[in-house]
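This report refers to the structure that appears directly beneath it.
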Amino acid sequence: MKFTKMHGCGNDYVYVNLFEEKIADPAKVSIAVSDRHFGIGSDGLITIGPSDIADFRMRIYNADGSEAEMCGNGIRCVAKYVYDHKMTDKKEITIETGAGVKTLQLTVADGKVSLVRVDMGEPILKPDLIPVDASGEQVVDEPIEVEGREWKMTCVSMGNPHAVIFVEDTEHFELEKYGPEFEHHPRFPKRTNTEFVHVISPTEASMRVWERGSAETLACGTGTCATVMACILNHKTENKVLVHLRGGDLTIEYDPDNNHIYMTGPATEVFHGIWEEN
Ligand SMILES: N[C@H](CCC[C@H](N)C(=O)O)C(=O)O
């Protein structure tokens, strides 16, 4: 099976072009290729295929084989892949995802995509749509007990669930200890991605992320969008924020006129190869 290894801010996936390859069991393949010792090594598998309602269709599978609704870093890499591999010559493309059709603007330098701006659509705030077990119309600054400590969370879905927790120091935060406890907490019927965020200023933040089904990743595009929405809901930042992740930076803008969130960031192709299913 031919694959291409790409990353967005260090959030790395194995990409497979379904116009050329067939994958009978993507969950099984994602588990195998994601293994960083016995496989290729990645945060998961992303497939690029045809769509009846958009230019292309993207599906994302976590390292544990579970399918996610959307992937922010991944969709930027999909846009880079289809343009650089001459599957389209458009600089504005649409991609069908589990969270609806997204529109992307490509910046091209020397014939290759260097930067992508994604309209990530509207944040979803209703508890039962996130989903999270909570009352009310939104989950903002909500107490939750994890590992015997009370935390305050703000929950946002970008098609996939996120719990945003504000902390003073992300670098020394015990992510391995608390990340899985949030991921599997009974208040999240579909588990959750969890972002631990330090607000630096009204226009800047840093964060780390424990992803549903993939453990800590160096970046999470949907998580960064959820983080900025949480910052705005908690009156901590303005609508445009530069976010520092372990693997790089993303610029997130919330447009109050259409309630859409826009994410701008890089996409990188690292190598390609042949995966022999053993
Ligand atoms: N890394 C991805 C998100 C993957 C989400 C996945 N972990 C889940 O929702 O289960 C991103 O850049 O948005």
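Placement of Cβ uses the backbone N, Cα and C atoms for every residue, glycine included.
The shown structure was predicted, so the numbers you read here are calculated from the model rather than taken from an experiment.
According to TrEMBL, the residue from ASN160, ASN239, ASN258 that belongs to the substrate site alongside ASN11, ASN62, GLY72, ASN73, ASN193, GLU211, ARG212, GLY221, THR222 is ASN160.
Mapped onto three states, the DSSP output places GLY221 (substrate binding site) in helix. Secondary structure from DSSP puts ASN11 (substrate binding site) in a beta strand.
Listed in sequence order, ASP43, ASN62, ASN193, THR217, CYS220, GLY223 are the same-chain residues at least 6 apart in sequence whose CB falls under 8 Å from the CB of GLU211 (substrate binding site). In the three-state DSSP scheme, GLU211 (substrate binding site) is classed as strand. Rounded to the nearest whole angstrom, the C-alpha distance between ASN160 (substrate binding site) and CYS71 (active site) is 9.
Sorting the active-site residues CYS71, CYS220 by the number of other Cβ atoms within 10 Å puts CYS220 first.
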